[in-house]
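As given in TrEMBL:
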DOMAIN    64-114  domain 'NADH-Ubiquinone oxidoreductase (complex I) chain 5 N-terminal'
DOMAIN    132-420  domain 'NADH:quinone oxidoreductase/Mrp antiporter transmembrane'
DOMAIN    433-622  domain 'NADH dehydrogenase subunit 5 C-terminal'
SIGNAL    1-18  signal peptide
TRANSMEM  28-50  transmembrane segment
TRANSMEM  83-101  transmembrane segment
TRANSMEM  136-154  transmembrane segment
TRANSMEM  215-231  transmembrane segment
TRANSMEM  251-270  transmembrane segment
TRANSMEM  282-304  transmembrane segment
TRANSMEM  310-330  transmembrane segment
TRANSMEM  342-359  transmembrane segment
TRANSMEM  379-397  transmembrane segment
TRANSMEM  418-439  transmembrane segment
TRANSMEM  459-481  transmembrane segment
TRANSMEM  613-634  transmembrane segment
């Protein structure tokens, strides 16, 4: 049963990819949805068997690589964090698949889409169940490949092509951290087995000295793994690919940004908690990166006009909360927020997809408005998802988001206070852009085309049922899963354990701070957006315009990266790699140079062909004269030349040369 959780999505994707043209759209949809649904059911059974009693299950399938001291086997580990992640991945995917059947019903390439949609549901369980670094890295690369294929599905669209092309280099930048981090773990511990590495993590290690800095080996490994996690989980610097991924179909956005690709980095940090607990420097860097990302993404989302991009930036912001929760050594709370976030974020994306699908693929909120009467069901679903996103009391989001802020406050460190205040201010901006998107889409006077208003319709039944189930998860999963079923799986040092202190010693004002912030954000959005034009004219100034441009242009991250990194690499690739190497040294010294030399030589020889017979006769005379002369003189010279004497002369000369070299070496000695 445990293996079926991993391999059923593989079966569905393989059948859809190999026999999609024979099965058709309905056959591939039934096949992939059935496989993912059974995988979800088996995940629930595995959770019931593993999580309550903390009885981890380990399955060793077969040896993979065995070379002297290096040994890596195919093995699967099912412990509490693993089964929680399996529920998240398979449950959300099993709801996205039937939604996709209705959403992509008119697409002629829907069999290929259903094949691609099952790929992240295959590689993500492989990542979370892997018991060694190589298997984890295999799933790590697989989810990156899946994101590229899904974003690039509509390959004839220029923006989709650019977004997919951008996603791969950003993933490779993250791999520049994760791959050396995994290699460093093997170098330091002489094994790739995760259990062995975690058991030996507490042993003292020698420091490395570089440029007058003492850098601990485990600190360096953890920072490299953080770079890899930042590339996958859209942290600051690598967050630019996440909004661009909205060019793919909406079910792709729900799958990638709710349950699979972007959660891989958070899970890797939680899984490697025995490593991250010992270097305090690495924890400070993680906390700072996560808090900065949550604030940056929240401030960027307040002035975006694309409905899906606003939700994408909210994903980046929530991932920042998960990352800095790991930085304050509360990995179980981080994974808990990951689980809660998956349900309400998938709900938001599917609700946005219902609106976009009915409005002729229009995503600009400024061209919507007044849709609450046409989309009452979708409006209710999106309202529930937004309430859970901002952490309002009682929905799922409040059970984890508020706890993260309380834990950051009771850390009583500079990095903890930094994360607490940035996270609290981010609540204000999150509430603002969440309700701004609701007002612009559903409540303000309509700005839509008449033809779109006449043809629009609420979500059909196949799209409504997954939304209802996700709405139930957005309301009740946080309450049902708040009990501690983690046992000791995410390892935390006793000195870093502050969960009890945050529960009983945190000031009441600290626990209540998110409520006025979220209320203020919603109130500002309600009062400002209906009169946005008048408000903008009232505050018309140079500073106001620059501030608006700064947030609307996403802190100019794209421009800075393009000007200082992308263009430099493109210029280097053209001038050095292409012109100097490919079209230069390699072709001159390679086949092009050889063919060019022989061609020029043939051209020069061909110039000697004048067409006159006496010229050819003269050339034949010049060529035959040396040969005839030497052959005639050989009879007279052969009596004077002895072949054996020539051989002796050559051998003696070589011997004398060797003797002279030996004498010189003896003299130097």
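In case you wondered, yes, glycine gets a Cβ from its N, Cα and C as well.
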Residues of the parent chain within Cβ reach of the transmembrane segment (418-439), under 8 Å, 6 or more residues beyond its termini: 287-288, 290-292, 294-295, 297-299, 301-302, 304, 307, 310-311, 313-314, 317, 320-321, 324, 327-328, 365, 379, 382-383, 386, 389-391, 401, 404-405, 408-409, 411, 513-514, 517-522, 524-526, 529-530
Positions on the same chain near the transmembrane segment (282-304), where near means CB under 8 A and six or more residues out: 218-219, 222-223, 226, 230, 234-236, 239, 243, 269, 276, 310, 313-329, 408, 415-416, 418-419, 422-423, 425-426, 429-430, 432-433, 436, 548, 551-552, 554-555
Secondary structure content, the domain 'NADH-Ubiquinone oxidoreductase (complex I) chain 5 N-terminal' (64-114) (per DSSP, counts of residues): 29 helix, 13 strand, 9 coil
Recorded stretches the transmembrane segment (342-359) and the transmembrane segment (28-50) touching, at least 3 CB pairs under 8 Å: no
Chain residues in Cβ proximity to the transmembrane segment (28-50) (below 8 Å; excluding those fewer than six residues from its ends, i.e. six or more beyond): 1-2, 4-6, 8-9, 11-13, 15-16, 20, 56-57, 78-80, 82-84, 86-87, 89-91, 93-94, 97-98, 100-101, 110-111, 114-115, 117-118, 121, 125
Contact yes or no, the transmembrane segment (251-270) and the transmembrane segment (136-154), 3+ Cβ pairs under 8 Å, gap 6+: yes
